[in-house]
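Peer 1: Take a look at this one; I'll ask things after.
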Amino acid sequence: MNQAAAPKVSFVSLGCPKALVDSERIITRLRAEGYELARKHDGADLVIVNTCGFLDSAKKESLGAIGEAMAANGKVIVTGCMGAEPEQIEAAYPNLLSITGPQQYESVLDAVHRALPPLHNPHLDLVPAQGIKLTPRHYAYLKISEGCNNRCSFCIIPKLRGDLVSRPAGEVLREAEKLVKAGVKELLVVSQDTSAYGVDLKYAESPWQDRNVRARFYDLAKELGELGAWVRLQYVYPYPHVDEVIGLMAQGKVLPYLDIPFQHASPEVLKQMKRPAAQDKTLARIKQWREICPELTLRSTFIVGFPGETDSDFAYLLDWLEQAEIDRVGAFKYEAVRGATSNALPDQVSDEVKTERWNALMARQQKISARRLKRKVGTRQQVIIDEVGPTVSKGRSKADAPQIDGSVYLTSRRPLRVGEIVTAKIERADAYDLHGSVAGF
């Protein structure tokens, strides 16, 4: 007797690493129920599109992905941030099977079950203990909370994902332990506001191994650092207690890397942005951090052309960049997002000026990046291998997060493996990347 074919689902995941984790959770549940993943839409029984709705450009990309799925398959379920305000999606594609907002895993699964029932009851042994991951096997995103309590004027994330909801520390650590046991070498800690972790739980303790651990940024980072993997902290707001984790970096417990979205430097612009810690003595803190941990790498993002940003404000930002010597920078031209309070601010900046300022900032940052990378020539760096080539392999140092930072290009006299961590001698640097060879051979 022929066995019925397992139902197949194609999946599109758009947006940030937090959304990628949402996709991984949905896929893990589907695989546990016997669904198979199809590589192409036309080879699937239905398609799920996890959308991004933060910027208009992201919404355009999401609508395009939905359109491609409809054209290739016709049976489409939409979820994610753009689904929180479904009117635009419904107007463009009225025949979708379902539209849900972010984190609504059960609603997505219910929609799948209605359109494409599973063949049999769930068998949890169909999936590995660490769940299904969409990243390469050697690194994984570890989401520690949902939502955000901040009300930055340019952002609608709290409207889409709600207020901060932290996971108990023990739960996070158990997931991290499973990932490391499955071969993950690098844990990328993500959330909307990583350093606010545990505020909503009042830093409550939860059991982990033979002890209790508080749901607190420092405590969690310290415990993660004991698992034997690289631990990279991302989306960290510069609250005062962030100073505490610098010591962990100096001790080698977590990677000497902080991803802090400063967004601007001008006090007036920060005030209009309603950014936390807007009046902080940030330059003095950065100097102190580097005194404690000289190997510290700082990554940040900035918005140029925010309403009311003057030539003086922008000059202040460029000067601040020179003094701060931020290692890695991403910059965005301000874009009005429907529902953001910054849309109502006076003195909107023209697109032409935004482009001029973006080009000027990136040119300045390129010089800063090249200067800082040049200091690493002649040093030895640990590098995790992402891609193996016939003559040159590509990896990342402790200073490089996947997808967003630079790379280290290496030659080696012996074969390398993806996920392997090697010691490399740095021989050359350019504006964003390092070049060298595997040491000791």
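Just so it is clear, glycine is given a Cβ too, placed from its N, Cα and C backbone atoms.
According to Swiss-Prot, the feature [4Fe-4S] cluster 1 binding site maps to CYS16, CYS52, CYS81. The [4Fe-4S] cluster 2 binding site annotation in Swiss-Prot covers CYS148, CYS152, CYS155. For 7-117, the entry in Swiss-Prot reads domain 'MTTase N-terminal'. Taken from Swiss-Prot, the feature domain 'Radical SAM core' covers 134-371. According to Swiss-Prot, the feature domain 'TRAM' maps to 374-440, an assignment based on sequence analysis.
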Peer 1: Report, as a single number, how many Cβ atoms besides its own are within 10 Å of the Cβ of CYS52 ([4Fe-4S] cluster 1 binding site).
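Peer 2: Its Cβ shell of radius 10 Å holds 21 other Cβ atoms.
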Peer 1: For the domain 'MTTase N-terminal' (7-117), how many residues does DSSP put in helix, in strand and in coil?
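Peer 2: Taking the domain 'MTTase N-terminal' (7-117) as a whole: 57 helix, 21 strand, 33 coil.
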Peer 1: Find, for the listed binding-site residues CYS81, CYS148, the residue with the lowest Cβ contact count at a 10 Å cut-off, counting only other Cβ atoms.
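Peer 2: CYS148, out of the binding-site residues CYS81, CYS148, has the fewest neighbouring Cβ atoms within 10 Å.
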Peer 1: Residues with Cβ closer than 8 Å to the Cβ of CYS155 ([4Fe-4S] cluster 2 binding site), same chain and 6+ apart in sequence?
Peer 2: PHE54, CYS148, VAL337, ALA340
Peer 1: Measuring Cα to Cα, how many Å separate CYS81 ([4Fe-4S] cluster 1 binding site) from CYS152 ([4Fe-4S] cluster 2 binding site)?
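Peer 2: Answer for this pair: 17 Å between alpha carbons.
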Peer 1: Can you grab the distance from CYS52 ([4Fe-4S] cluster 1 binding site) over to CYS152 ([4Fe-4S] cluster 2 binding site)? Cα atoms, rounded to a whole Å.
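Peer 2: The separation of the Cα atoms works out to 18 Å.
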Peer 1: Any idea what the model's mean pLDDT is for the domain 'MTTase N-terminal' (7-117)?
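Peer 2: Summing pLDDT over the domain 'MTTase N-terminal' (7-117) and dividing by its length gives 89.
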